[in-house]
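J.: Can you read through this structure? Questions will come right after.
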Amino acid sequence: MTQYTSAKEFESAYSALFSTFATGKTKDLKWRKWQLKQVWWMIIENEAEILDALSSDLNRHEFESHGADLLGLKTDTLEHIEHLEEWTADEIPDAGVIFGTLGKARVRKEPLGVALIIGAWNFPFLLLLQPMLAAIAAGCCVMLKPSELAEASQALLVSLIPRYLDPSAICIVTGGPAETGRILEHRFNHIFFTGSSKVARFITAAAAKHLTPLVLELGGQGPAIVTASADVDLAAKRIAYGKFMNAGQICLSINHVFADPVVYDELVERLSFWFAKFMDGSYDGYCKIINERNFDRLASLLDKTQGKLVCGGKRDRSTCFFDPTVVRDVTTSDSLLSEELFGPILPVIKANHVDAYKTIASEKAWNIHLLYTSSPRSNRSSTRVSVLRYYHPLILFVTELTLLVLANTNSGGVTINDVIMHAGVPNAPFGGVGDSGYGAYHGFHGFLCFTHQRVVVAPPTWLDMVMSFRYPPYDLKHLSKVAVAKKLGFQPGEQISDQIIHRGGKGSVWMKSMKLLAQVVICFALARLVLQRGTLINETKGLWQGVARKLQLS
């Protein structure tokens with residue numbers, strides 16, 4: 001049986017973190033950069049051990065572990081090191097003359113304090129260390145709590161963290177539900193949790209007693225929608241791939257599929273084909289279910305379904321292997337849709353795209369992502385302006401169905417014509433909405449999770465010469481000096497039909513795209529100028545060389 005952190009050991013570590021933060025040690029940018037580099041070496045020097053631990057816990061193939069855990073960790077570590085000075089620098093707000101020019105207003109980026117990060121078992125390294133990188137960059141002290149279900153990964157983390165990172169500021173504790181409950185009785189300055197909605201409710205209740213801010217990265221019943229115009233084989237291949245990864249034990253995995261009746265039978269057949277091809281007749285490289293409790297939960301849901309098993313269904317409780325399973329003729333009231341599956345079962349529901357998005361919009365559990373697979377060569381938008389309002393203007397076309405689905409659903413993210421890709425977009429926030437959690441991280445957005453943006457302003461003392469009217473006794477005649485002038489030109493009595501919607505301000509997609517386009521044009525122009533200049537220089541050089549030769553001959 002695993003030996004968990006004792007109450008005495010926890011109390012000692014907890015006190016040490018708050019004592020260290022009080023010294024200001026973690027606010028030093030050199031300390032932060034040093035610790036971030038230590039994370040890099042921890043990953044690089046122990047890559048083989050990390051892969052072995054993931055194989056032991058999940059039977060995950062080395063290739064999948066590289067792509068799912070190590071690639072993201074390495075990329076994120078380097079990003080935090082590269083941008084640390086930029087992210088932590090004071091910002092100068094557009095505050096006008098009084099507060100900005102004269103008051104020298106600044107927004108400081110200050111660490112929240114001591115953060116508790118609770119990881120998940122499905123990606124035991126990525127989902128624990130990635131938010132830790134953000135907390136270190138922000139200047140926080142960190143207490144790490146890995147999932148006790150991934151035992152080999154937990155043991156390796158317990159060994160590595162104190163060996164590579166500053167133990168006075170970053171520590172790791174272990175425990176099951178009872179120990180975690182005792183940890184949550186203590187006050188932290190921030191809690192970052194990745195896991196199920198059920199556990200998140202207990203954590204939220206505990207955090208509320210101390211008014212502790214939270215980021216919750218949870219799951220959800222994220223569907224895929226396959227329309228009548230889809231490339232069915234490609235859609236089936238990508239959906240099967242998304243479900244095959246980690247045996248469907250991913251918060252981003254496809255929970256179920258809505259397929260148009262026109263392509264329904266073909267999609268079911270191609271899903272079965274691709275699952276069989278990915279399995280290749282063996283369990284080598286195919287993940288197992290994390291434990292018997294989750295295995296039994298999946299088996300029970302499958303046994304209760306009113307749908308028809310098309311492929312898979314084979315399972316072995318002794319090894320926790322559960323075949324990828326496609327179930328057709330499923331309704332939205334079926335047992336398979338009663339909760340997030342978080343496993344390799346894929347129900348396929350017959351519904352056109354309109355019925356699909358209406359069902360999604362009415363579901364209690366918001367989706368952490370939404371897949372919409374449709375051929376881009378059909379159903380093109382006939383209204384160019386409406387496309388540009390929602391999409392990058394350099395995109396050549398967007399389907400009306402895409403706009404329809406996006407306008408009528410809500411989700412943490414959207415991937416169109418592929419799976420899970422939105423989670424890997426650089427410099428973009430990743431997080432859920434509704435029952436899938438709140439808050440977002442990755443890159444700069446993760447840094448902001450653990451940061452307090454503190455406004456500082458220092459008006460000059462001589463400002464009273466022009467603002468003495470603010471002091472009592474008040475005189476209404478001075479109100480004109482602080483009156484708000486309406487400069488936007490709108491008039492009383494306007495109706496909704498009178499409103500003009502512009503493509504956006506300086507921070508909008510439209511303006512950023514125009515800037516990008518301008519930069520491309522300028523680059524081409526400069527390149528052409530350089531080429532022309534080079535030609536001109538060569539011609540001039542040749543001319544002078546000719547003159548020199550003639551002078552020498554004369």
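Any Cβ shown, glycine's included, is placed from N, Cα and C.
What TrEMBL shows for this protein is this:
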ACT_SITE  Glu217  active site
ACT_SITE  Cys251  active site
DOMAIN    30-361  domain 'Aldehyde dehydrogenase'
TRANSMEM  112-138  transmembrane segment
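If you look at the structure here, what lies around each of the features I listed?
T.: Taking Cβ-Cβ distances under 8 Å and a sequence separation of 6 or more, the neighbours of Glu217 (active site) in its chain are Leu127, Phe192, Phe193, Thr194, Gly195, Cys251, Gly431, Gly432, Gly437, Gly439, Tyr441. DSSP assigns Glu217 (active site) to a strand in the three-state reduction.
Secondary structure from DSSP puts Cys251 (active site) in coil.
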J.: Could you tell me the mean pLDDT the prediction assigns to the domain 'Aldehyde dehydrogenase' (30-361)?
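T.: Average per-residue pLDDT within the domain 'Aldehyde dehydrogenase' (30-361): 95.
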